[in-house]
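Student: So TrEMBL lists the following for this protein:
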TRANSMEM  50-72  transmembrane segment
TRANSMEM  92-116  transmembrane segment
TRANSMEM  128-149  transmembrane segment
TRANSMEM  169-189  transmembrane segment
Amino acid sequence: MLSEQETLVKERHFTPLINLWCPGPHSLQASSSASSAYFSFIMAFHPIRIILYLFFFCFSVILMGLTAYRIHSTKSKSAPDVLTDRTHFSTPIIAELLTTAILGTLFSLFMLYCLLAKVGRGPLGVYAFEHLWLALLFIFSLVGAGVVTHEFSNLRWCRYTLACRILEAIKAFSWIFWGWTIFLILASLGNMLRNHASFTGPVHGRRDTMGSYPAETRTTESRFYDQQQPATYGHDGLVRDVEQPGMPQPQHVIE
């Protein structure tokens with residue numbers, strides 16, 4: 001027979017192993033609550049839209065660097081260009097793509113801030129503002145990619161030069177920029193449909209209204225039953241829960 005002390009020692013050693021292989025209701029409840037909290041934390045920031053805008057920022061910066069280098073090289077070039085035989089010139093469509101890339105960089109940074117900081121107020125914090133900018137960037141990048149592809153359609157013969165390789169990269173990233181705006185529009189529309197929101201809904205995409213709830217509409221009210229128990233009223237005017245009898249303590253309830 002084992003003594004009581006030896007039994008307690010064995011229980012302390014084997015209980016964690018038993019809970020590991022055969023978790024009880026408390027362990028399952030704790031793991032379920034932890035997983036639901038983790039899922040809520042992940043979905044709170046909409047990782048898909050954040051990842052899309054991170055890539056959009058990278059593509060915008062790359063396109064901005066390529067077009068800026070092309071403009072700088074043609075403006076300061078003293079020798080004849082390999083494609084045009086001109087010196088100290090600029091290509092208007094490259095300048096248009098540079099402007100589009102700058103706008104895309106600024107817009108992607110703003111949207112990342114809105115998604116992470118949960119901005120949902122004012123004219124800049126709604127879906128309509130996001131779709132307006134995405135539509136403009138869609139048009140600008142489509143025009144720029146189409147024109148630069150038409151003007152520099154055949155660059156195979158000069159790929160050994162840096163100028164032609166830069167132009168090839170500009171063509172590629174201009175089309176990537178344009179295609180990525182389509183993914184961003186579809187992701188935003190999908191988020192709107194998932195939340196049953198309109199174009200005036202908060203751009204952060206959360207199902208709740210935190211971050212876009214007007215502070216001036218918050219009201220507090222304290223009611224008592226026979227000066228003994230405070231009652232909490234819901235949005236429909238019904239009593240939700242009643243405290244145990246005791247000293248009356250006013251409760252601040254958001255309605």
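Glycine is treated like the rest: Cβ placed from N, Cα and C.
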Student: For the transmembrane segment (92-116), name the stretch out of 50-72, 128-149, 169-189 with the most CB-CB pairs under 8 Å.
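Tutor: The listed stretch sharing the most Cβ pairs with the transmembrane segment (92-116) is 50-72.
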Student: Same-chain Cβ contacts of the transmembrane segment (128-149) under 8 Å, 6 or more residues past its ends?
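Tutor: Here the qualifying positions are 93-94, 96-97, 99-100, 103-104, 107, 111, 167, 170-171, 174-175, 177-178, 181-182, 184-185, 188, 199-200, 203.
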Student: Taking a Cβ cut-off under 8 Å, which residues six or more beyond the ends of the transmembrane segment (50-72) line up next to it in the same chain?
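Tutor: Same-chain residues near the transmembrane segment (50-72) but 6 or more away: 90-91, 94-95, 97-98, 100-102, 104-105, 108-109, 111-112, 115-116, 163, 166-167, 169-170, 173-174, 176-177, 180-181, 183-184, 187.
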